[in-house]
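Some notes on the structure that comes next.
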C-alpha cells in the first residue's frame, strides 16, 4: 500500500469538480518557503498549548451538554494567527528583531491545536469513559437486565492519561502512506480543511486578504460545504436524506409494536434508533471497503506495470491561456512541495506495529476484560475503518468517529459476553474512536497543508506533538469539570447524555445480535450489498452515466445524523450550479472563497458562543417552532 513519490498513482480521480480550482493567490518565491523544521517553532508550540487548552475546555463543555462538537479548525487557524501576530507586533515595537510569521507556521499551529482538542472528543470524556462510571450505572438502574455493578470503573486522572497515550498515536501512522492518494489522486475536498487553508492564505497574502475580507460573512456552514463539495456529493446527501427520513424511517415507524416495542425511547438501540445506526454503518462499510480494495488493487497493478512502462513518452504540448497556465503551475508547485519531504512507508508501518504491540500489552492492564488478542484483532481491522472515516470526511466534512466506535463496542461486547463484556466493549470503542478520529484529522490537516504550501512532514510532526499535548491537557481540563460539577446528573447542567447511550449499547452487545429489532440485520445486509453494487456501477458504466450515480458514503451520513444539513448543502450546490450557468469563470475563481467565508464565519462564531455558554450567559431571544395544538 505504499504510495510514496510519483511512482504509484491512482489513474483517475474519484471526484472531478471545477469548484476544486482555487483562485491563485500571491505566493512567496520558493526559496522563501521555510524547511519543514523551520515551520515548527517554539512560539508556535507555546501558542498551540494555550489554544489547545482553551479548545479542550470548549469541547468538554459541548460534549457534556449537547454531545455534538462542531469543527473548530477555522477558529484554530484564526486565533493562531492573532496570537502570534500580536506577540511579534508587540516585540517589534519594543525594538526586538522577530522571525517572520509564515503561513506554514500558521498551518502548523492550527494542526497542533486540532490534534490536541480532538482528544477531548475521541477520548470519550462525555461518552464511553463516563459510561463506565457508577452514576451512569445508577441512572440505567440496577434492575436493568445486563447492567452489573461489576462493570463499573470510576474515572481516574492517572489511568485516563495512560490510556490516551497508548491508543492515540496509532491513527497517525495508519493512513500516512495514503496521503497522496486521498489528497492528490482522489482529490477529496475536505471542506473544513480547504476553508481553513484559504483563511490562512488570506492572512498571509495581500490578494487573499482582500478576497477574504470581501466575502467574509457569518452564515451557515453547510451552505459553504455545498459550494465546495462536488454536485454529485451534495445530491447524494440529499438523496440519502429523502430515502431515510422521507420513506424508510416512516415505514419502519409504522411497524412499531410489531418489529420493536412501541414505548422505547428515541435513543434505544432496540427501537428505531437501532435501525438508524446499523443501516448507516452497513452503507459506510460497504462503500469504504470497496474503495479500500480498489486502491489496493490499482496500487498493485501500477507497481507491476511500472517496469513495462517506457521512460521516454511522447510529449503533447497544450496551448493554455495565462490563467489556466498559472493554475497548472500553482498545482504543480503544491504537488512538488507536498511530496518533497517524504514519510517512508517503512517508518509508518514500523510505527504502527510498534505502538500496536505496546498498546496490546498495556490495555488489558487498564481494562482486564479486554484480552490482548482482542486488542490485537482491533488493530488489524482499525486501518480499514480509519480509511472509511477519512474518506467520508473528505467527501462530506462529517467525521463519524462515534459510529465506528460503536462497531468496536458492539462486536467486542458480544464476543466477551456477560462476564465483562460491557467493560470490554466500551474499552474497544475507545480504541477504535481514537484511531479513526486522529486518522481523519491528520488527512484533513494534510489537505490544509497541501493548499498552504506546507510540508507534509511538518504536518505529521505537529500532529504528533499536538496529540502528546492532548493526552495530558484533555484529561486535566476534564478533571476540572469532574471535580467542580456533578457530571451526569439529570438535573444538572452537564448531563453527559451520551454516557447512558454507550452503556446501553454495550449491554445490548453482550446480549447479542438477536436483541436487535426485527429485520434489522436483513436490512443492513441489503444496504451493504447495495453500496457495493452502486460502486460497481459507478466504475463499470461510461462517465456520461456514472457521473449521475450517487455515492453511498455520502448517502449514509443523513441516515444517522439527520436530514437537516442535506438541505443546506443542496442549497449550496444549487447556488453554484446557477452561478456556473451565468458566469463559469467567476464561479471557478470565487466559489471556493465564498464557501470559505461562509464556513469561517460560522466556525469562528462557535468560539465566543461556546465561551458565553460556559459562563451561562444565555442569548436575549430564543425562538422555537412546534406543532400547533
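Just so you know, the numbers here start at 1 and follow the chain as drawn.
Using the three backbone atoms N, Cα and C, a Cβ is placed for every residue, glycine included.
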Segment assigned the feature transmembrane segment in TrEMBL (from 184-205, 206-227, 272-293, 294-315): 272-293
Stated TrEMBL location of transmembrane segment, expressed as one of 557-579, 580-602, 603-625: 557-579
Which range of 12-35, 108-131 is transmembrane segment, per TrEMBL: 108-131
In contact by Cβ distance (the transmembrane segment (557-579), the transmembrane segment (232-252); 3 or more pairs under 8 Å): yes
Residues from the same chain, set at least six apart from the ends of the transmembrane segment (460-482), whose C-beta lies under 8 A from its own: 36, 40, 45, 48-49, 52-53, 56-57, 60-61, 64, 108-109, 111-120, 123, 125, 155, 157, 160-161, 164-165, 168-169, 172, 176, 343, 438, 441-442, 445, 494
Among 40-60, 66-87, 108-131, 407-440, 520-537, stretch most in contact with the transmembrane segment (272-293) (C-beta, under 8 angstroms): 520-537
Maximum Cβ pairs under 8 Å to the transmembrane segment (108-131) - stretch from the list 40-60, 66-87, 520-537: 40-60
Tertiary contacts of the transmembrane segment (66-87) (same chain, 6+ residues out, Cβ under 8 Å): 43-44, 47-48, 50-51, 54-55, 58-59, 101, 105-107, 109-110, 113-114, 117, 121, 126-127, 192-193, 195-196, 199-200, 203, 221, 397, 399, 444, 448, 496-498, 599-600, 603-604, 606-607
